[in-house]
């Protein structure tokens, strides 16, 4: 009995460590959103110009997720995790030392390489290492790590940047990654590659219209979100005219609301996943359309941020659960594609927000983001009516 208890405890420790790693990887992806103004000031650039860093990072992840996953498909997973963490940490040291914006972008590309591999294997590893009968809870823990990156990681990164400089934010993330790496080395057993799929999996996946429709929905809705979210920090300060501290509080509120979204999805996701996702997309559409009108009041912006955060967490969880349900025979390939497609949306949204801010007005980012959000809402209704049984039954 003791051995059983210990083994379950170790299994949960492994999953928790992976969740911490997910927190760190998501924090470093999101944290520049809260540091754009400081980085721009440091390199004497416009905030919108610095924002292109978000697009470069996201599109490198999108471009490299599948190739890297296929290149490493036969690599033992413990060794692979150690290698990608070394690249991740070294790249953050370079971010800390970066003497020009170009060097900073190069360091972020290194982080993106590690990111591309990490997110293509994490969900399947969490499922493998979970105690018997606890796969859903293991995935929920990974999702919680992701949510906490929004709740704690991004605001804390911004606070560190405000008081100690943006370089210290990246350095602190590197230190956190080093501690996590040491834990992974101690806790993880040898993990031979399993169910990783190969190029042979691609035609099979591409012949699944329900899966392809989910991928298309993902890229459109993520583009909508990041058109506005990428520039929310300068929007709050320069358009709404509120303080830097309020911008930090707003990011904390938006991220914290994601926990509520996670709880809602956890309670209702198995039975009503499609309805939840469509409702969340409708909520996102309303939030984006009301972003500028709400900018006249801190309370209005705060309330809007809560609903925005809830909506995006439900959307993110819903998309991931459906992808895993529709591709159980090639989870790594399917998740690599999902990670790549998600990041195409991030990069596209950040680029649209960048162009709107540079050539039109930053005040319009909400209205522009509402356009793809409306398209995503219509598409979600169409595909969930077209494949209601497939998606809901397999999700359960």
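The first residue you see is number 1, and the count goes up from there.
Cβ from N, Cα, C; glycine included.
What you see is a predicted model, and the numbers here were worked out from it, not measured in a lab.
Copied over from Swiss-Prot, here are the features:
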- 15-35: transmembrane segment (TRANSMEM)
- 50-70: transmembrane segment (TRANSMEM)
- 81-101: transmembrane segment (TRANSMEM)
- 103-123: transmembrane segment (TRANSMEM)
- 136-156: transmembrane segment (TRANSMEM)
- 170-190: transmembrane segment (TRANSMEM)
- 209-229: transmembrane segment (TRANSMEM)
- 246-266: transmembrane segment (TRANSMEM)
- 275-295: transmembrane segment (TRANSMEM)
- 299-319: transmembrane segment (TRANSMEM)
- 333-353: transmembrane segment (TRANSMEM)
- 364-384: transmembrane segment (TRANSMEM)
Fill in: Per Cβ pairs under 8 Å, the stretch of 50-70, 103-123, 209-229 packing most closely against the transmembrane segment (136-156)
103-123
Fill in: Best-contacting stretch, by C-beta pairs under 8 Å, relative to the transmembrane segment (333-353) and drawn from 15-35, 81-101, 103-123, 209-229
209-229
Worksheet item: Which residues, given as numbers and ranges, are at least 6 beyond the ends of the transmembrane segment (103-123) yet have a Cβ under 8 Å from it?
Response: 18, 21-22, 25, 28-29, 32, 39, 43, 53, 56-58, 60-61, 64-66, 68-69, 72, 77, 80-81, 84-85, 87-88, 90-92, 94-95, 97, 139, 142, 170, 196, 320, 324, 331-332, 335-336, 339-340
Worksheet item: Under a Cβ pair cut-off of under 8 Å, which of the recorded stretches 81-101, 170-190, 275-295 contacts the transmembrane segment (15-35) most often?
Response: 170-190
Discussion item. Are there residues at least six beyond either end of the transmembrane segment (50-70) with Cβ under 8 Å to its Cβ atoms? List them, or say none.
Written reply: 29, 32-33, 36, 39-40, 43, 101, 104-105, 108-109, 111-113, 115-117, 119-121, 196, 198-199, 226, 230-231, 332-333, 336-337, 339-348, 350-351, 353-354, 357
Fill in: When counting Cβ pairs under 8 Å to the transmembrane segment (364-384), the leader among 81-101, 209-229, 299-319
209-229
Discussion item. Please determine whether the transmembrane segment (209-229) and the transmembrane segment (81-101) are in contact (criterion: at least three Cβ-Cβ distances under 8 Å, sequence separation 6 or more).
Written reply: no
Worksheet entry | Long-range Cβ neighbours of the transmembrane segment (275-295) (under 8 Å; 6 or more residues past either end) | 221, 224-225, 227-228, 235-236, 239-240, 261, 264-265, 268-269, 301, 303-304, 307-308, 310-312, 314-315, 318-319, 363-367, 369-370, 373-374, 376-377, 380-381, 384
